[in-house]
Each structure stands twice: as structure tokens, then as C-alpha cells.
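One structure is given here, and the rest of the page talks about it.
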Amino acid sequence: MKCLCFIVLLAIVIAQSYVGVEAAPSDGFVSRNGVQFILNGKPFYANGFNAYWLAYEATDPATRFKITNVFQNATSLGLTIARTWGFRNGAIYRALQTAPGSYDEQTFQGLDFGIAEAKRVGIKLIIPLVNNWDDYGGKKQYVDWARSKGEMVSSNDDFYRNPVIKEFYKNHVKTMLNRVNTFTKVAYKDEPASMAWQLMNEPRCGVDRSGKTLMAWINEMALFVKSVDPNHLLSTGHEGFYGDSSPERKNSLNPVSANTVGADFIANHNIDAIDFASMHCGSDLWFQRLDQNSRLAFIKRWLEGHIEDAQNNLKKPVILAEFGLGSDTPRYTLANRDDVFTTTYDIIYISTQKGGSAAGALFWEVISEGVSNFAGPSSIILSDKSSTVNIISEQRRKMGLLGGTKGK
């Protein structure tokens, strides 16, 4: 009972702290100048993490302290960015969008809290607006909704083509961006605590390997998002797979399976409404059986290729929005994970040090004490102070010496 009373009291204190909350020095909008991000007139370096579960846990006021704990641990290490989902759709527990245009207010307030807490501590957010995958009601849920309304849809990739589904997505964009945060009283589209939106988490369109379908959708939706919210940066949420616009890269860098997903790193980001490039590095997912030396060699080629293309072809910053090494990888060791982090961070730092296009990296994923239901093979608890956490902290120290804006 004493524990419950303490949790309730903590939730009340946290909620009261947002009344009349003022912007911290790090709370300007992040913008872009060439291949660099800018915050308050200085280069802004992204050293961060993924925590897709923030809104889910914050839906219950009694568990919001877990978000506070994660952000406190992150800021103590100097981390500057968190990436979290802006979707949870369908007939699932704590859904955000329960049906097209219908939203659960309590879950929305969970997302409100995550944004408000990020603002309070000076962390910037990157928020994807839908999932390519079925998890948490991805594009499949939109297709199912359309089918239930009599639309003739045969594939989950009809998400990109069906006009009714496209309107569902646009309505979600409008609802999200026009939402007024119940804690900060600021509309999402006017909230500088958010750095950027992503159109989708890991967009793919396997029914059209030419890439034309996905390209048309990105073009249309990027312009639409910018018409609703011109304040924030926008990216695709891309994994970084190359397409027909760069056949040499496609042949030399792509995992073989990636040649069938209809994505094109160069073409999909070479749009005025897209402000920066996104990529992931899932070497443990794409190449399960690689030995460690081959894995590190791939990471080096993959990152350096994308950094070079962002610098010379796209002339935009690029963020590595997901990377890590899962404990379910064959022959996994903590030392191997540390090597993946060190290799990744070193490549990012070399580019950043020269004023290059590599703007930073976000590892997958952070969890907090008490959220073991979200724990996965790649999860990291920052308070554990593992050797990997020490590497994360050292990267922050090195990036900080470059003299830009590092967050609060």
C-alpha cells in the first residue's frame, strides 16, 4: 500500500510539473543546413536510442515513472534523441487508433506524457506514423479496415495504392499533428521537443519491385505531411536498401532479400519534402550466420556507402535510426555486441568530425526496469552500466567535444 501511494503521489507531482512548462535552451526546432542538423544556431548531433513502448507504458498514470526513469538515465549519459512509435492500431490492448478516425483518449494522453517528459529533460523525439509490419496494427490494419468497408484489396501493399486507405493515413496524420498535448498545451505540430516525423517504420512494397509504387506514395505523403506541419523535419523511416536508381550499390551492398522489397534509398530520399535520409543496420537480422569479422566488415561498408551517398548525391544528413546486435544471434557474446557498437560509432564520428553527413545513431533498444514485457534480444537497460553502456557514454563524450548543441 505504501508503494502504491508513493507511485500515485509521484504521478501527481510529475503531472503538476507540466503546468506552464517553459522551453529549455535545447527546446528550439531542429532544422537542416546542408548535410548538418542545426539547433539554436549550432550543429546538432544525434546520439540516441529507440524506445517504441513509451506511449503504451505512459497510458497508465501509475507506470509513467518508468518513462521518467528512462529519460533520466538517458540524459545522465548525454543522449539527445529518442525514437518512439506514433501508432498503435486496431483491436489491441491500449490501441491509439481503434478504428479509422477513432482514438482512445487515455492512450493519446500516454503519448502526450512521453512528449512532455522529453521536453522537460531536453530530449528530442523522432516519431514514425505507421508500421510496415503487422505488429501494433501496421499497414495491414489499414487494409483490413478498408476491406471491412467493401474495398477490393488483395494485398497489404494496397496500403500504398488504394485511395480510401490513403485517406485513412492522411486523417491519422492530421489527427496526430493537430493534437494539442494535454500536459504542455502545445499542438504536436508546434512542439519543438519533437525533432522529426517519419512517414513509416521500414517502408517496403514487395508487390512492385520496380519501386514505383512506394516512390509515388512517399512523394504524395511527404507533401501532405509538410502541408499540415511545415515546422518539423521529415524523413521516410527507410532501412536503407538500394534500388534501381543505384544498381552498383544495390548489387554490392544490399542483402539479397532486400532486392525484392521495392525500396530505393537514393530515389526515396531525393525529394524536396524529405529533409534527411534514414537508414537501419540490421546485420544480425539480415545475416544471421555471419562470423563476427564478416559482420563488422559489412557494417563498415554499409554505413560508409550510405554516408557517402547522403553527402555527395542527396546532400542531406543521414541518421542511423536502428542498429544493435541481438543476443539470439548465433555465437553471440557481449564482446561481439560491444564491437558492433564501437565500429558503428567510430564510423559515425569520423564523418561528423569532418562536418560530414553522418548526423548520429540510435541503437535498438532501451527498456526500463519493470517493462520486461517489452524486452527483446537487443534490449539495453541504461542503469545496468554494462560495457556497452560505457561505449554509448564514450560516444557522447566524443561528439560533445565537437562543440555543437548536444541537448540539455
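All positions are counted from 1 along the displayed chain.
Every residue, even glycine, has its Cβ placed from backbone N, Cα and C.
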Record says Asn201, Trp364 bind substrate. Source is Swiss-Prot. Which of Trp53, Trp85 does it list for that same site?
Trp85
Pick out which of the recorded positions Asn73, Asn201 has the most other Cβ atoms within 10 Å of its own Cβ.
Asn201
What three-state class does DSSP give Asn73 (N-linked glycosylation site)?
helix
